[in-house]
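Colleague: If you scroll down you'll find the structure; I have some questions about it.
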Amino acid sequence: MIIDIIEIEAIHSFSRLESLKEFYGIIGLLVPIFILVLGITLGVLVIVWLEREISAGIQQRIGPEYAGPLGILQALADGTKLLFKENILPSRGDTRLFSIGPSIAVISILLSYSIIPFSYRFILADLSIGVFLWIAISSLAPVGLLMSGYGSNNKYSFLGGLRAAAQSISYEIPLTLCVLSISLLSNSLSTVDIVETQSKYGFWGWNLWRQPIGFIIFLISSLAECERLPFDLPEAEEELVAGYQTEYSGIKFGLFYVASYLNLLISSLFVTVLYLGGWNLSIPNLFGPELFDINQRGKVFGTIIGIFITLAKTYLFLFISIATRWTLPRLRMDQLLNLGWKFLLPISLGNLLLTTSFQLLSL
C-alpha cells in the first residue's frame, strides 16, 4: 500500500513537471512573437511620424508639433481617435466580406515579418523557402482589398478593389523574377543565407552591385505593391473618392493605413536583406576584422548592433520612398499597366536569363 502511494505521488509529480514544461514552451513561443509585434508597431508609428515630417519639409510646412515632443505622438493620437469612432456597415453590402477584408490585408503582411533576419541568429523562423513564402503570403493582401471593395456595394470601392488586384498581378511577377535572380546568386532561398553570402566582401559584396538592374526593378515593383505614389491608383481620391476604403470608418478604416505602412516597412526590410547586406557592417575585413565580425559572435551587444544596422539601412530606403511620394505625380492606369507588362517584365526576365547564364558559366 505504501509502495502504491509512492508510485501515485511520483506519477503526479511527473505530470506536474510535464505540464510546467508545456507551459514554459508556450511562453517561450509567444514571447518572441509579442516582441516582434511590439517592435513592428513602434516601427509603424515612427514611419508615420517620419512621413509627416519629411512631407512637411518638402512642402515647406511645419508638420506635427503639439502631440508629444516634436509631434512624435500624433500617430498614436490618430489611432486612438479611430479606435473610438463608430463602425458603419453598408446596409446592402456583404457584411462578412466587408468585415474580413481589412483583417486579411493586415494579417497576410504581418506573417511576412517572421522570416526577416534583423540580426545574426535573430529571426523568428529561418525557412529554406523564406523569400518565396513572403511572395506567396503578400499575394493574399490584394484579395482582402478586393473583398472589401466587393462587400461595400459601391462602384468606387469595387473599382478600387479591381485596380488593386490588377496592379498586384502586374508587379508581382517582375518582383518575383528579381528575387529569383538573388536566390540564384546565393544558391539559397533562405533570407539568412542570402545575407551571409553578401558578407564575404563587405560593402562590395552587396547584391546591389551584382544586380543593379534587378535592384531598380525591385524598387519600382515594391513601391507599386505598397500602392504608394505614383502607384496609388486603387485609392486615387480624385477619381474614386477613396477607392476600396470609401465605405469604411473607425478602426477598420485605420487597418487599411496600418496595412499600407506595414507593407512599406516589410518591403524596405527585404530591400535591406536582399540587396544591402542585411545586418552586416559592410566594412571589408582588410580595414577592421574585429569590427566587421562583431555582430556574428552571438552576444547581446552584437545582436543589438546588427538590429541597429538593419534598421538604419531600412529607414534610409524608407526616406527614398517617402520623398518619392511627395515628389512625383500619379500615373494613369494604362501607364501603370504598360510599365509593368511592357517594360519591367521583359527586363526582369532578361536579367534572370543573364544571371542564370553567368551562374552556369561559373560552374
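Backbone N, Cα and C atoms are what each Cβ position is placed from, and that goes for glycine too.
TrEMBL labels come from automatic prediction, so no person has curated them.
Taken from TrEMBL, the feature transmembrane segment covers 23-50, 97-116, 122-148, 255-280, 300-322, 343-361.
I'm curious about the neighbourhood of these features; can you describe it?
Modeller: When Cβ-Cβ distances below 8 Å are used as the criterion, the transmembrane segment (300-322) is approached by residues 43, 46-47, 50-51, 54-55, 117-122, 223, 226, 228, 264-265, 267-269, 271-273, 276-281, 294 of the same chain, each at least six residues removed from its ends.
Outside the transmembrane segment (343-361) by six or more residues, the chain places 171, 173-174, 177-178, 180-181, 184-185, 211, 213-214, 217, 220-221 with a CB less than 8 A from a CB of the stretch.
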Colleague: Restricting to the same chain and to residues at least six past its boundaries, which positions have a Cβ under 8 Å from a Cβ of the transmembrane segment (23-50)?
Modeller: 64, 70-72, 74-76, 78, 110, 113-114, 124, 258, 261-262, 264-265, 311, 315, 318-319, 322
